[in-house]
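Novice: Could you have a look at this structure, given as structure tokens, before my questions?
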Amino acid sequence: MTDLPDSTRWQLWIVAFGFFMQSLDTTIVNTALPSMAQSLGESPLHMHMVIVSYVLTVAVMLPASGWLADKVGVRNIFFTAIVLFTLGSLFCALSGTLNELLLARALQGVGGAMMVPVGRLTVMKIVPREQYMAAMTFVTLPGQVGPLLGPALGGLLVEYASWHWIFLINIPVGIIGAIATLLLMPNYTMQTRRFDLSGFLLLAVGMAVLTLALDGSKGTGLSPLTIAGLVAVGVVALVLYLLHARNNNRALFSLKLFRTRTFSLGLAGSFAGRIGSGMLPFMTPVFLQIGLGFSPFHAGLMMIPMVLGSMGMKRIVVQVVNRFGYRRVLVATTLGLSLVTLLFMTTALLGWYYVLPFVLFLQGMVNSTRFSSMNTLTLKDLPDNLASSGNSLLSMIMQLSMSIGVTIAGLLLGLFGSQHVSVDSGTTQTVFMYTWLSMALIIALPAFIFARVPNDTHQNVAISRRKRSAQ
């Protein structure tokens, strides 16, 4: 990339900045949840909604981000994304109640939903095609550093300052990024087709109310009738979308995607798989602090081996999949992650704390292998004319399943414990034990889906290439 103009390199730095902000925010909050609960006078069992409100908003807004960038311009949308994310951070820091914090996190989520996909689109437009992979590697590297720094930095700020600072640090970074975007980034636009607003609203309503109904089933004060009504509204909205998308060439996501078997299996497996693994980043720091009495900083440091294991495994995951095939790798990593989850719970409850970093490192390796395999399985056989739509749907499902996973984790804690779980409670470790056992079972269930994946990987790739070349 040394032969790129200086202006283009600066634009890549801006995109990388945005990737870093978004990835840091996804991990820095987890370590601070117990301190937030104490400061806001809430039960720790309710704090999962701080994560859910952000991730669910990202899932809802993702389908609109690419269309908005093409219609209004990548600079205008990227600038708007940074401003919304920064304002959301400010309002998070100023929040005095849990409801205020949830609204502020939703505003952050709107910005976060546009930042990464619009950043990818910007890179596609400003660099030559032959340098696109090198440019994407450059801008996504800070996004890999964010999860590494997030837990420890969050714990450090909480322990030696206050939880408000995990949001306040975004403000100067956001201001610099917004100004640089206005000054340096070109405002590319493209001719767009009409946006599928009806489909977007149906999907948004369906995802939001079903998640709310799931969360409302324990300890929120919603009546059974209200919850049943929410479920009915959500199901009707999703069924209406299916009817809307049938034979509709302008649908947000074409139903033709599901004619590709590996896409259908991969998407179903990704949804179920990320529900289970989405619980882990929320539950692990909460368990370390509330269940075992770790300090926020110590709990944050304990998360670093998991990220290192994930980053290290990315270097060899392709060779592993090529050697053993998708079916074997996905079934083995799914069951393996369930066993590692049980191992983490056992070693922690036995007090073998010196073993935990190694267990978390192993967890990161297994999880990374499964994530990469699920992503490539889902998209690898799609024809070229459906690849972009399939990738967008996969991104939305990834965020949605993570929000559902965190919601279920909070639901399990509320089911097995009281509304006042604390370090001083004699039953706290028992509550967490039952929760971890349930999580291990949920994590293992997608193995039944992955067992149906065709095993001849190389043949599938060849078939896929012949299909694409024939179109």
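Using N, Cα and C of the backbone, Cβ positions are placed for all residues, glycine too.
Computed from a predicted structure; not experimentally measured.
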Novice: When the topology given in Swiss-Prot is taken at face value, are Pro44 and Leu222 found on one and the same side of the membrane?
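Specialist: Same side, per Swiss-Prot.
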Novice: The topological domain 'Cytoplasmic' (98-101): which same-chain residues, six or more beyond its ends, come within Cβ distance under 8 Å?
Specialist: 36, 40, 42, 46-47, 49-50, 91-92
Novice: Do you know the DSSP helix, strand and coil residue counts for the topological domain 'Cytoplasmic' (33-48)?
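Specialist: Per DSSP, the residues of the topological domain 'Cytoplasmic' (33-48) fall into 12 helix, 0 strand, 4 coil.
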Novice: Is it the case that the transmembrane segment (165-185) and the transmembrane segment (263-283) touch, counting contact as three or more CB pairs under 8 Å in which the residues of each pair are 6 or more positions apart?
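Specialist: With fewer than 3 qualifying Cβ pairs, these stretches do not touch.
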Novice: Cβ pairs under 8 Å only, please: of the recorded stretches 12-32, 77-97, 138-158, 197-217, which one is richest in them relative to the transmembrane segment (286-306)?
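Specialist: Highest pair count goes to 138-158.
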Novice: Reported in the order helix, strand, coil, what are the DSSP residue counts of the topological domain 'Periplasmic' (307-341)?
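Specialist: Breakdown, helix to coil: 31 helix, 0 strand, 4 coil.
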Novice: Do we see three or more Cβ pairs under 8 Å linking the transmembrane segment (12-32) and the transmembrane segment (396-416), pairs being at least 6 apart in sequence?
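Specialist: Answer no, regions not in contact.
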Novice: So are the transmembrane segment (225-245) and the transmembrane segment (263-283) touching or not, going by 3+ C-beta pairs under 8 A with a sequence gap of 6 or more?
Specialist: no
Novice: Which one, 49-69, 77-97, 197-217, 263-283, 342-362, has the most C-beta pairs under 8 Å toward the transmembrane segment (396-416)?
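Specialist: Maximum Cβ contact count belongs to 263-283.
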